[in-house]
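Features of the protein shown, as given by Swiss-Prot:
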| type | residues | note |
| --- | --- | --- |
| BINDING | 38, 41, 56, 59 | Zn(2+) binding site |
| ZN_FING | 38-59 | zinc finger |
């Protein structure tokens with residue numbers, strides 16, 4: 001239990017990889033595992049089902065997005081310039 005206080009779920013790696021890498025992984029994992037708002041139905045039910053694949057648990061809408069987030073910062077810029 002003592003090894004997960006600073007790095008929470010990244011504590012499963014134990015002392016391996018160093019503290020900085022485990023903290024970085026913790027931030028990435030928090031973004032990856034949270035729920036996002038669906039573009040189609042508007043519910044906060046979008047979860048990651050695979051690498052770059054996102055699925056709404058409410059309406060079943062499945063789409064491709066970023067690896068860790070459904071919409072990447074670069075994708076937002078492209079949407080602004082196109083749309």
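Heads up, the Cβ atoms here are built off N, Cα and C, so glycines get one too.
Listed in sequence order, 56, 58, 59, 61 are the same-chain residues at least 6 apart in sequence whose CB falls under 8 Å from the CB of residue 41 (Zn(2+) binding site). In the structure as shown, the Cβ atom of residue 56 (Zn(2+) binding site) sits within 10 Å of 23 other Cβ atoms. Same-chain residues with CB within 8 A of the center of the 38, 41, 56, 59 CB atoms, the Zn(2+) site residues themselves not counted, are 39, 40, 42, 43, 45, 46, 57, 58, 60, 61. For the binding-site residues 38, 59, the largest tally of other C-beta atoms within 10 A is found at 38. Secondary structure at residue 56 (Zn(2+) binding site), taken from DSSP and collapsed to helix, strand or coil, is strand.
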